[in-house]
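A short worksheet on the structure shown next.
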């Protein structure tokens, strides 16, 4: 008997569905609306990229308005501007990049989840003030944002996007442009654990954080299991211990525990489950960008076929926490790939990815908005272009994957 991958995944979903917001904890808006009913419990969300960890390529105009033009990362910009000037500049950004109106718009598009990337420096007690340069004051804006999202009925994932010492080299998403990844040592792990404990206290004691159901303990570690050995043997088990220790001290009921998310084994940093002795409410994350996968033939048919058949996760339950409609730099402005003259292809590719990712626990698009003047990295612009439907169940009405089995 031939057992399909979809059949196996559906069986697993039946066995492990208890962790979902609709099952162990009803999440509703202030007027009682459950946004998960329309998605049958699947996560459908967007990342709030560049709100608290600025990636200059996403919004070069806003980066320049901060006074950061020519700087690689927040660390570099704060060092250039000076602490007081940087604090004032970033406060204006935090107050304007994602607003209450953005949250209303996200909800109106049929989405039910936001993922908020943050850096460890949001807990300002963890900053080495004599050698680290990050903007101060972000937490008040995070709390306000989570309050808006909770009122709207959105599920919230807080993601440790920027880890102490930087989890990868030369990438602004860590908050700095470090020459080498410095995260994978005990004292940096300890700083990250202190951040997770601090964040857990905030989530369970402040009303605005009531819809935060998941903490991701580090975003996109190095894709090399040899480099990340202690991440798996030390940091992941201790992250569970630290979060549960706080929840125990606060007498939190087990059904209200935070889900603890790690990068899935398919990410390439090894099996996150390898050394766990406690995996209660564990969750996993993978990021899928065909743009950077040299194994995939760069053709429209190949992209849709790959997305239809992609094995995107090895652990369960998994969320595809970042993905986009981005294509390789050397073809993205050619006739076959330009965004506004190839709407039909991008509609189908979006549908293929959603259909695949909802065989798991769902997806979170990267990102909500950009200043790129096109939609391949901007969910908001994708809706306005007609590539992304506001009725997300519509992507299942036309089977774009029919006849495209691997």
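Any Cβ shown, glycine's included, is placed from N, Cα and C.
For residue 220 (active site, proton donor), the same-chain residues lying six or more positions away in sequence with a CB closer than 8 A to its CB are 167, 168, 173, 263, 267, 287. What Swiss-Prot records for 220 is active site, proton donor, and it gives similarity to another entry as the kind of evidence.
Annotation note: residue 322 (active site, nucleophile) sits in a strand segment as assigned by DSSP. Long-range C-beta contacts of residue 322 (active site, nucleophile), restricted to its own chain and to partners at least six residues apart, with a cutoff below 8 Å, comprise 47, 287, 288, 289, 364, 365, 366. Sequence annotations record features per position, and here Swiss-Prot assigns active site, nucleophile to 322 based on similarity to another entry.
Marked as N-linked glycosylation site by Swiss-Prot on the basis of sequence analysis: 31. Classification of residue 31 (N-linked glycosylation site) by DSSP places it in coil, neither helical nor stranded.
Per Swiss-Prot, the feature signal peptide maps to 1-18; the stated evidence is sequence analysis.
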Note = Residues near residue 31 (N-linked glycosylation site) by Cβ (under 8 Å) yet at least 6 apart in sequence within the same chain, in sequence order, are none
